[in-house]
Amino acid sequence: MDRLESSSSDLDRPSIDEYLAADSVQCSPKKLHLRDLIDISPALTEAAGSIIDDSFTRCFKSNPPERWNWNVYLFPLWCLGAVIRYGILFPVRVAVLAAGWIFFFSAFFPVHFLLTGHDKWRRKIQRKLVEMMCSIFVASWTGVVKYHGPRPSMRPQQVFVANHTSMIDFIILEQMTAFAVIMQKHPGWVGFIQKSILESVGCIWFNRTESKDREIVARKLREHTQGADNNPLLIFPEGTCVNNQYTVMFKKGAFELGCAVCPVAIKYNKVFVDAFWNSKKQSFTMHLVRLMTSWAVVCDVWYLEPQYLRPGETPIEFAERVRDMIAVRAGLKKVPWDGYLKYYRPSPKLTERKQQNFAESVLQRLEEK
Amino acid sequence: MGNTSSMLTQYDIEEVQQHCNHAFSQQEIVSLYHRFCQLDRNSCGFISGDEFLSVPEFAVNPLSQRLLRMLDGLNFKEFVAFLSAFSSRTTLQQKIEFIFKVYDLDCNGKVTFNDILSVLRDLTGSFMTEQQRQKVLIHVLEEAGYTKDSSLVLSDFLKILGHSDLKMEVEVPID
């Protein structure tokens, strides 16, 4: 909780104050009566409203695919489909994935250790290998990905930002271009891959809960964008997976690097499977199994036009502008919440803001005697 | 497949409906049940205070701590009964009774000067001094014909709030 109070994160929340402030009190400057003071219905209504439905948890609700198999006539068909998906597709996909890994490792580690003298070559081969491995991953869930817009090129002074639904976002983008990504540190086999392989394409890891990591990451980011032959940088500024129907607040870090921001919008089609990774309920392995037992993962990726900080624009306004673009392109609804509220409580400042409004209206109306 | 609505039978729904005096339609109760299960993350049959506070919009409400004392550990039936005060089918009197209960946390049927003061404290925080709050409260109490020492009962609340245009309705989204 205290970490949220650090000076940098105060500036991190843009529109939320305006969003929350106006509703709880309607201040009409008339004389104050007992009934006005006792009537706490606006605050109660608001509280009940948030209990019944709130815009934050809606962002992280996984949506089960449309159910259609409970019709007697369709049920055998569905069963047949399930047998094919689990009995044939899944083993084949596992085999493809395993073969891919074997090939990858038998190529990657020799290159990694033997070509130490030829840095340029080593990097190039490793880059290609990572791209290949990601293509195999995409193939393992029969990824039907449509890319729109010009493919990213390797240039200094640019950073790509995308909306975030699952770790597979990264795989889908990586198979086209070897991005260096900023990611949360993961445990288990994902963590092993992060440390051993993805480091070679310049990925940067951090731990959400470590406030010290923030500064280190900010410094590394700056250094990375300056290097001419570094892989393009990819950031998921939401900082957490959202269910691809909403978009939560963008963290401003990517927008104050002083370089071109290239928005990437990713929209999944839920026709076969919901690609949202609910990391609190499911491990990444189980998430992959779910994808691999579905017919296909269908998605659209749009590379949008690079944006620059306009004169007089703050990084926060810039971030909101880019979020608008992505939200419009991918058809996402915007909510003003910080995605990290999944892990922290909201700052008491928001409550204080409401209290201030109420107190001011009381004091003001008292003077109107 | 996780079809949670099938876990509520017609009987269950009717029982809940009766418990909340038919403040909600059957569909609304199914919706509320989905919501209840969603908030009850570790599915133990009630929503803990911590789980309520994980809803940021609730957590930032100045009255959240006070409401938590009423909400903590409610099962689904009680949860619906709690929310029934916010239904459009509930009478004004029932809504006022609910507000009274929010003030009367010790449930002795009386709301004292200190009870109102503590709600006012929740609502204004550090933006009014204790003296200001007391002054305001004494002022409006006396204007309405009460004193600092008088304790208000439900009928007083009905009299005070009965003629105001109390809007306390929340719509349950039905999917």
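Glycine is treated like the rest: Cβ placed from N, Cα and C.
Looking up the ranges A:129-149, A:255-275 in TrEMBL, the one annotated as transmembrane segment turns out to be A:129-149. Helix, strand and coil counts under DSSP for the domain 'Phospholipid/glycerol acyltransferase' (A:158-269) come to 40 helix, 28 strand, 44 coil.
Regional average pLDDT for the domain 'Phospholipid/glycerol acyltransferase' (A:158-269) in the model is 88. Only residues 6 or more beyond the boundaries of the transmembrane segment (A:70-88), in the same chain, are considered here, and those with a CB under 8 A from a CB of the stretch are 293-295.
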